[in-house]
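These come from TrEMBL:
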- 27-71: domain 'Homeobox' (DOMAIN)
- 29-72: DNA-binding region (DNA_BIND)
- 74-275: domain 'TLC' (DOMAIN)
- 83-103: transmembrane segment (TRANSMEM)
- 123-142: transmembrane segment (TRANSMEM)
- 207-226: transmembrane segment (TRANSMEM)
- 246-267: transmembrane segment (TRANSMEM)
- 283-327: region 'Disordered' (REGION)
- 301-315: compositional bias 'Polar residues' (COMPBIAS)
Amino acid sequence: RFIAKPCAINLGIQDSGPHRAQPNAILEKVFTSITKSPDGKRLEGLSKQLDWDVRKIQRWFRHRRNQDKPTTLTKFCESMWRFTFYLSIFFYGIRFLWTAPWFWDTRQCWYNYPFQPLTSRLYYYYILELAFYWSLMFSQFTDIKRKDFLIMFVHHLATIGLITFSYMNNMVRVGTLVLCLHDASDFLLEAAKLANYAKYQRLCDAFFMLFGVVFIVTRLGIYPFWILNTTLFESWELIGPYPSWWLFNGLLVTLQVLHVIWSYLIIRTASKALVRGKVSKDDRSDVESSSEEEDVTSNSTKGILSTSSNGSNRLNGHVAGGQWTGE
């Protein structure tokens with residue numbers, strides 16, 4: 001409100017929403033009481049009742065659905081908040097872990113387990129991360145609906161479960177490694193969205209490509225060969241198959257499956273960007289254009305990046321189009 005909004009206004013971002021549908025009592029009643037996406041049979045009936053062309057009615061419903069979407073200014077402020085948090089918590093984690101012995105030797109995560117001290121810096125790191133992911137869990141139901149809603153819901157559940165479970169079982173050392181690794185790419189995605197909202201397309205594309213590289217390296221490279229290696233094999237070797245071993249590793253493997261899905265979406269978007277010369281459309285996004293003509297105009301005048309990792313990511317929700325749609 002006091003920082004992001006003034007920044008957005010200085011960058012020329014207007015607090016104006018999508019084109020509003022023209023007032024129509026009959027269509028509004030259908031939209032609010034029956035369906036927001038009428039089928040062919042209902043469209044034909046409305047066409048006869050109103051003496052409107054079917055295509056005009058379809059356009060009205062698209063306008064009506066889109067007018068409830070958040071404005072670019074709202075999305076910019078949300079992304080700036082997330083960018084600030086991800087960047088701050090990542091550097092806090094790196095600074096904290098740089099002097100931690102288990103950052104350089106993952107076997108240290110299991111020496112003298114479970115009798116390992118919980119320092120105040122480690123405690124606050126955990127509490128901040130847990131609080132943030134709980135906020136994402138709740139806000140997901142009020143944010144714009146995306147195609148990867150279910151994937152992000154599972155991701156948030158797995159993340160909250162891992163943070164809580166590892167804290168209760170004093171597996172905080174390996175937990176800090178997982179948290180820091182996941183924060184390494186998130187702030188880059190939010191930076192790409194901020195650049196897109198401000199219409200700095202080249203900067204947006206650069207941040208997105210950098211995000212894609214960091215995401216794939218950390219989630220498909222470092223995570224399985226560094227994190228999963230120590231939780232699956234080193235822990236088994238040093239402390240044996242403790243009772244919660246299966247649940248803990250099951251959650252970590254679930255995250256890895258989600259990493260593979262998001263990496264596929266990122267690579268697909270990046271390949272489209274190479275062909276078109278710009279990042280194109282967020283495959284998670286449900287934002288609709290009011291007509292085919294508007295789609296052409298939008299795509300010809302600006303890149304399309306919508307979000308993960310945000311993104312979805314969410315890739316929260318997370319990836320390409322004339323506007324980022326949300327996380």
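From the backbone N, Cα and C atoms, a Cβ is placed for every residue, glycine too.
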Same-chain residues near the transmembrane segment (83-103), Cβ under 8 Å, at least 6 residues beyond its ends: 109, 121-122, 125, 128-129, 132, 173-174, 176-177, 179-180, 183-184, 186-187, 190-191, 194
For the DNA-binding region (29-72), the number of residues DSSP places in helix, strand and coil: 30 helix, 0 strand, 14 coil
Local confidence of the prediction over the domain 'Homeobox' (27-71), expressed as mean pLDDT: 80
